[in-house]
Amino acid sequence: QDEETQHSLECIQANQIFPRKQLIREDENLQVPFIELHGESTEYVGRAEDAIIALSNYRLHIKFKESVVNVPLQLIESVECRDIFQLHLTCKDCKVIRCQFSTFEQCQDWLKRLNNAIRPPSKIEDLFSFAYHAWCMEVYASEKEQHGDLCRPGEHVTSRFKNEVERMGFDMNNAWRISNINEKYKLCGSYPQEIIVPAWITDKELESVASFRSWKRIPAVVYRHQSNGAVISRCGQPEVSWWGWRNADDEHLVQSVAKACASDSRSNSNKLMNGNCSRDFANGGDLSDVEFDSSISNASGAESLAIQPQKLLILDARSYAAAVANRAKGGGCECPEYYPNCEVVFMGMANIHSIRKSFQSLRLLCTQMPDPGNWLSALESTKWLQHLSVLLKSALLVVHAVDRDQRPVLVHCSDGWDRTPQIVALAKLLLDPYYRTTEGFQVLVETEWLDFGHKFADRCGHGENSDDLNERCPVFLQWLDCVHQLQRQFPCSFEFNEAFLVKLVQHTYSCLFGTFLCNNAKERGEKHTQERTCSVWSLLRAANKAFKNLLYSSQSESVLYPVCHVRNLMLWSAVYLPCSSPSTPADDTCAPYPVPGSSPEDQPLGRLPKTRSFDNLTTACDSSLPTTNRRSSDPSLNEKWQGDPPSLELSSLGNPGDDPFDGDSLSKQGRAPVGAELSVAAGVAEGQMENILQEATKDDVGLEEHLRGSLEAAGKGDEIALDKEKRTDNLDG
């Protein structure tokens, strides 16, 4: 009844709390060039040079003659005047927008408007997601039963903790227990209220451990291997400091995790007997590339693993030097002497400041006009792909320890809310096919990123008064990039497609939905974001066919072992490069509520072309025939293209301006003709899927021999490169 009363009050007060603002037109003949969302009100409509520019409480919309720029305000990081007539807008997802004006005064007016519009909110209710939800509730108040639950996540999300404990098969009678020590967040404000710990660890001991771990983020179990019982735990760094402090309860808890695994896995001892014995890494040193490769390629003989607890692997995401340096600030790392039956490995992952610098370099490179001639070397100098490689290697090390060696793993970095969720969430994605379904991926994001307190408000810059630029970093975007790399290497293993990930990137920042608001679950509870905003999963739902991967097979690999080397990684062009986003549905048509004046039956699912079947694929690929939007990931098409590659340029789909609200491509200039565009929604460009799968099965020696043989067969590599360069120059000319 209280919920119904609150709902009624929201509906009544929507117009008063979020009133529409009066529209200001530079010219009386100008009209709003897009369909407004519920709660959206356009404030300014004016003219730029050869364009119409409009600003609402949610977006900036620029309509050129042959293209459209449409970007949520919170996606814009900065606005500056590069010359007296041009505005330069830098976006948080790597895009850059340039807008030319006819006069200096006009340019300055829009500079002031935009800087006021993109400034972090003084109170969270200033974000558009609250107005959007309130107006949706008001518009459909009379149809509450029909529309009221559409903006909520499904039961698989709301009941995720209970469902996950049951699904992963924790032995809650002898090995593990659910502790409510953090009920109402009284122990740790950035942790969930329920955590899994060894059954014999008391809450009093947990309080002692909390006093020793950074931000009281104690070791908590987040995953159990369903076959062998090995678990993944996560925490913050121990507060060793220069004084070398110890905590007996912390040491006992870490050892108890390994003992609980042994107890939990005895019922599966027959399965354990078929496993491999564990491999040790050099304690106290960073893991080199050679050690990493050898650690995953050496499979030892079988030994009995159920007799005693397996040696627990403590994976520290930092370098050894960084971990030691943290002792000066009261942090540090575990000393192997004090943690028997444990070993510590340092992965050498960069901190948020290095990642932010790398991303800024990448953005500068991707927005250079014209395309730089030293593209590959410039891309290497950004170190973005190198950072992805280290992250993938770290996750793969966890996978090998848990799946192949059947060892428990404890992951932490400094505070445990940036690099730790990257590694843990990626490892879970590799280990468990459930997380590669649409619903499972939602549960994964909610659990590892939201429940365990990744600071979305600070990292994305949309929190209350979040003006500190040193706190901003695309940590979640970097992780999604790794997921995209996995999609490319395993195109049949994910139920969702690349368009799903692109939309998730955009709405991490857009503030159309309330899913990624605030820094932790405690803050979201205090602000009642779940009741007052819509969930992003209402858009990215499993039933939305536009985000289905048509290559998905539930019978694909159970555990994924990707190739992590930089040469196997690819730049995520759909996100970082202009004019290259895969087609995704309009937010108007896929929002929880239909656009006013249109019937749900008339709403298209999106602009993704239907995948048509052909009896004769060779004929379908004939360049003399009209080009068809057949998906380029079809192996038969790849064989045809590799033999006679068509001279087509992949770009985003659809005609410029045919979508009233398309956040997928901030700029749609320079499109290829529609007939020459191909669908890349499955995330595999033409001719690449087969190459990736081949490379994934080769070892380094085989790959080098393959490359060497190719060069010898083709002649001198330098002559080939010069010849290609000359031909390219001729084409460009």
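Quick reminder: no glycine exception, Cβ is built from N, Cα and C everywhere.
Marked as active site, phosphocysteine intermediate by TrEMBL: Cys413. The substrate binding site feature in TrEMBL is assigned to Asn326, Arg327, Ala328, Lys329, Asn351, Ile352, Cys413, Ser414, Asp415, Gly416, Trp417, Asp418, Arg419. Positions annotated as compositional bias 'Polar residues' by TrEMBL: 614-636. Per TrEMBL, the feature domain 'Myotubularin phosphatase' maps to 155-576. The region 'Disordered' annotation in TrEMBL covers 590-674, 710-733.
Annotation for Ala328 (substrate binding site): spatial neighbours Trp242, criterion Cβ-Cβ under 8 Å with sequence separation of six or more. Around the Cβ of Asn326 (substrate binding site), the same chain contributes Gln237, Arg318, Gly332, Cys333, Ser414, each under 8 angstroms and 6 or more positions distant in sequence. Cα-Cα distance from Arg419 (substrate binding site) to Cys413 (active site, phosphocysteine intermediate): 6 Å (rounded to the nearest whole number). The Cβ of the residue listed as 'active site, phosphocysteine intermediate' lies under 8 Å from the Cβ of Gln237, Asp316, Ala317, Arg318, Met349, Arg419, Thr420, each of these being in the same chain and 6 or more residues away along the sequence. Summarising model confidence by region, the domain 'Myotubularin phosphatase' (155-576) averages a pLDDT of 91. Within its own chain, Asp415 (substrate binding site) has Ser214, Trp215, Arg217, Gly236, Gln237 as residues 6 or more apart in sequence whose C-beta sits under 8 angstroms from its own.
Residues Asn326, Arg327, Ala328, Lys329, Asn351, Ile352, Cys413, Ser414, Asp415, Gly416, Trp417, Asp418, Arg419, recorded as contacting substrate, have a largest CA-CA distance of 20 Å.
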